[in-house]
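Asker: Handing you a structure now.
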Amino acid sequence: WEFNGSFYQPSAFLMMGIPGLEALHHWISIPFCALYLTALLGNCLILFIIKKTQSLHEPMYYFLSMLAVTDLGLVLCTLPTTLGIFWFNMRRIEFDACLTQMYFIHILSFIESSVLLAMAFDRFIAISHPLRYPSILTKTTVIKIGLAIILRGMVSLLPIPFLLKRLTYCRKTELSHSFCFHPDIMNLACADIKVNVFYGMIILLSTVGMDFIFIVLSYILIIKTVISLATKEECLKALNTCVSHICAVLVFFIPMIGLSMIHRFGKNVPPLVNSLVAYTYLIIPPALNPIIYSIKSSHIREALLRALRRK
């Protein structure tokens, strides 16, 4: 411990695997390795297919590429510490390294939320204004949207590490997960954390919260447009292009909202439930998204089959 008057700051934190199941960590690592491998290979394959297939050079697939890159970033952020605990019981993480991991996990989560919103906007334009779709979502517009998404995440979360560094911490240094999460670190402080709580809630509501609201509004407008279509076949065809995106939205937002609620209000929630929700939030979406889009998108599926035949 470093001491400076009454100011205490730990040199490191201790991460936790799955509470109560420490003896089974080596066996538990097997499904985790499978999920990480699926996420890494699946998202890399999506990026490869989109890059090599000229017909997929469209706004919808550019946004899918952004989602795949974000998912790869999330996987690479948590994989070293999670498997380090399961395989080697390496629980210690330096204070600054923990803040760095936390910053990138939250940035990538916010970016994923924004990308899902951009994909909802893409589907709305494609269904509601099909003739104007190419002129509205040009390649330049997509690049600008991507840069705005990254800048929004970086700027909004920039104060978080500094707000955590100013706090005085108690002697308890054990985190609740095998990765660093802002509410988890914040709750170890002995100082007044009202600023951290207030800023965290404001940022969460103004970014992820607003993204979710606008995604819902986009689908309300899409449904209104679809209902106005002449035939049932046209309605089903239009809605079918949205199924994979709806699945990706649900897979991402449900665990994220659950984890945020647990950290802020679930004081009596069992640690095992807390841990499982956290892993679901950070590992399941990157693993499932490539599978969802490969199954539901005929263009991705056909391009994948062509690539396999060439091999």
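Every residue gets a Cβ built from N, Cα and C, even glycine.
Pasting the feature list from TrEMBL:
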- 24-50: transmembrane segment (TRANSMEM)
- 42-293: domain 'G-protein coupled receptors family 1 profile' (DOMAIN)
- 62-88: transmembrane segment (TRANSMEM)
- 100-121: transmembrane segment (TRANSMEM)
- 142-164: transmembrane segment (TRANSMEM)
- 197-222: transmembrane segment (TRANSMEM)
- 243-264: transmembrane segment (TRANSMEM)
- 276-295: transmembrane segment (TRANSMEM)
Asker: So if I exclude everything within five residues of the ends of the transmembrane segment (197-222), which remaining residues of that chain have a CB under 8 angstroms from its CBs? That is, six or more out.
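Answerer: Hits for the transmembrane segment (197-222): 109-110, 113-114, 116-117, 120-121, 123-124, 127-128, 152-153, 156-157, 159-160, 163, 182-183, 186, 238, 242, 246, 249, 253, 256, 260, 264.
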Asker: The transmembrane segment (24-50) vs the transmembrane segment (142-164): three or more C-beta pairs under 8 Å (separation of 6 or more)?
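Answerer: Stretch pair does not touch.
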Asker: For the domain 'G-protein coupled receptors family 1 profile' (42-293), would you mind checking the mean pLDDT of the predicted model?
Answerer: 90
